[in-house]
Each structure stands twice: as C-alpha cells, then as structure tokens.
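Single-structure report; data block below.
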C-alpha cells in the first residue's frame, strides 16, 4: 500500500500524525530565529536546503530539526516547512543489475535539497524485533532503526517498516559511499519523519543511495575485524554497492536480535 508519509504500525504504540507540539505565533511567511520558537528548538533551513556540515562524519553531534506545524500561524508558505510538503522532485524506480529495484534522479539535485521521506509503519521495539527476526536474508525490505542520543543521555528510538505500507523511499539502496543522508525531522510530534537529503550535488540519471547505518559504524575495518561471535552467525545481507570502501555486508543491528 502506497503512503507518502509514515503511519501508525499494527502494534498501535505510536501515532505519527498526533499533534503534540505547540504552534508559533509568527505572522510572516518566513519565520526567523530567535523569535520563532520552532526554529529556536534546533536547526533551520537555508532557502529550500538543509545546511549540511562539510564533513558529516567529523560532526560528533547534530542539532535537531523542527519544522513549523499545523498549529502555527505562519502559513503554508513559511520557509520552515519543507519535508512536510512531501516529494517535489522527479524520481524513477528502476531495475538494477544486482541490487533489485533502485531509485534514480531524473533531474539535477543540489546538495542539501530534500529528496524524499523513508515512509512506512512506525513500530515499537517489540514489534520491530518480532518482524525483523521473522525476515530471511532474501527479503528485500529493510526495517530502519534510528537512534537519537539526547543531551541528557537518553536515547530515542524510531523503527520504520516499509514492507506493507511505504513510499518510493523503500526502493532506495544502501551504499557505503552514499549521495543521500537521513535526518530525523519533526513537525507535529516527537515521532520524526525520516527525511533524506542530498549529501552532495546529484546529477540527472544518478542512482540515489544512503548508508543504512547512518555512516557511523559501517566501515570496512569494523565489518571485517573483531566481529562478535553473535555477528558471525547473523543473517547478514551482502552489499553490492561497488564503492571502493565497501564493507561487504549491509549494516546489521544486533540489538534487534538479542533476547532480554
């Protein structure tokens, strides 16, 4: 079933469309920090692009992104409304040689541009764990686990499964040298939209990809050396991205296979 944005999963633990954030009282089309409380919570856009650091892997912490929401007074033309507008680019799903389906751009995409959301069912940990343990290595869909480390030491987890409900994001392939980066963006509630932005300038016809691990642990040395015993027997899927730094396997989350 196609859905342009994420929906509540069958377990009913989280409701992505719930409105829990207060709105701003800004009257202009474009809210500005520090007057706008939405922008004061975190990162802001520059035009229609997200300001990305020059070296993503060297940034230890990133600021959160909060867009103006349905309770804000600023209006639909506010520049702090980007991801919530949905897909605006021309993309094409196509058949790759070794990776199954893939997605490519049909127009040039400047660095920092919003490309699409990774949409699916938003699940709680127990249901995500149950589903991922039931999958076989041959199954094409990937349950994304996003962990955000807050300043007070807490960790927020978001699990999105595109198997039954999803959008074009479900066809995006992994790459160890990706041209997209995933950023959690919040609009109405703390349940984030998993937004994919261009990490570099992308040419028309170029395949779109992102690092399923969030570009944090999936480097060749980490994948080939000092593997825990549980990882040696895990149902890991081979990586066919073809990049010079390919780690040989797709990222694997051992916590979803652990038992309490």
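The backbone N, Cα and C atoms fix where each Cβ goes, glycine too.
TrEMBL lists region 'Disordered' for one of the ranges 186-212, 213-239, namely 213-239.
The average per-residue pLDDT of the prediction over the domain 'SET' (89-213) is 93, rounded to a whole number.
Per-class residue totals from DSSP over the domain 'Pre-SET' (22-86), listed helix then strand then coil: 10 helix, 7 strand, 48 coil.
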